[in-house]
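Undergrad: Below, the features straight out of TrEMBL:
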DOMAIN    1-107  domain 'Thioredoxin'
SITE      Asp26  site 'Deprotonates C-terminal active site Cys'
ACT_SITE  Cys32  active site, nucleophile
DISULFID  Cys32-Cys35  disulfide bond
SITE      Gly33  site 'Contributes to redox potential value'
SITE      Pro34  site 'Contributes to redox potential value'
ACT_SITE  Cys35  active site, nucleophile
Amino acid sequence: MLNFNNYKTMASFNDILQKNSLVLIDFSAAWCGPCQMLAPILKEVKDEMGEKLSIIKIDIDKNQAVASKFHVQGVPTLILYKDGNQVWRQSGLQPKHELLKIINSFS
């Protein structure tokens, strides 16, 4: 999983969305219980999907401008991009089997 704090500009963030076929963005916060429950689920999803999926974790408290740009109003919020285009978005805790089903439908 990539942490958004590793990127210096929005341009480099947008490059990630354009260069990777499938990108799942996880908007979360350290104080969010469901976000903490989602973290190991996302790790398992990444392990199963391998190189087919990139996951970017964004802490909304450390990256308020990015959260605002993506109109995040609650956490966790997951947004899936395929070839640079948003194809799915959901707020709330998602079970692993549902995430895999959704992601695989776009791969």
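Note: Cβ is positioned from N, Cα and C throughout, glycine not excepted.
As the structure is a computational prediction, the values presented were derived from the model and not from experiment.
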Undergrad: How many neighbouring Cβ atoms, not counting its own, are there within 10 Å of the Cβ of Asp26 (site 'Deprotonates C-terminal active site Cys')?
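TA: Its Cβ has 20 other Cβ atoms within 10 Å.
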Undergrad: What residues, ordered by sequence, lie under 8 A Cβ-to-Cβ from Cys35 (disulfide bond) and sit at least six positions away in the same chain?
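TA: Non-local contacts for Cys35 (disulfide bond): Asp26, Ser28, Ala29, Val75, Pro76.
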Undergrad: Write out the long-range same-chain contacts of Pro34 (site 'Contributes to redox potential value'), meaning residues 6 or more apart in sequence whose Cβ is under 8 Å from its Cβ.
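TA: In sequence order, the residues whose Cβ lies under 8 Å from that of Pro34 (site 'Contributes to redox potential value') (at least 6 apart) are Val75, Pro76, Gly92, Leu93.
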Undergrad: For Gly33 (site 'Contributes to redox potential value'), just count the other CB atoms lying within 10 A of its CB, please.
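TA: A count of 10.
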Undergrad: Please work out the number of neighbouring Cβ atoms within 10 Å of the Cβ of Cys32 (active site, nucleophile), leaving out its own Cβ.
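TA: Looking across every protein chain shown, the total is 18.
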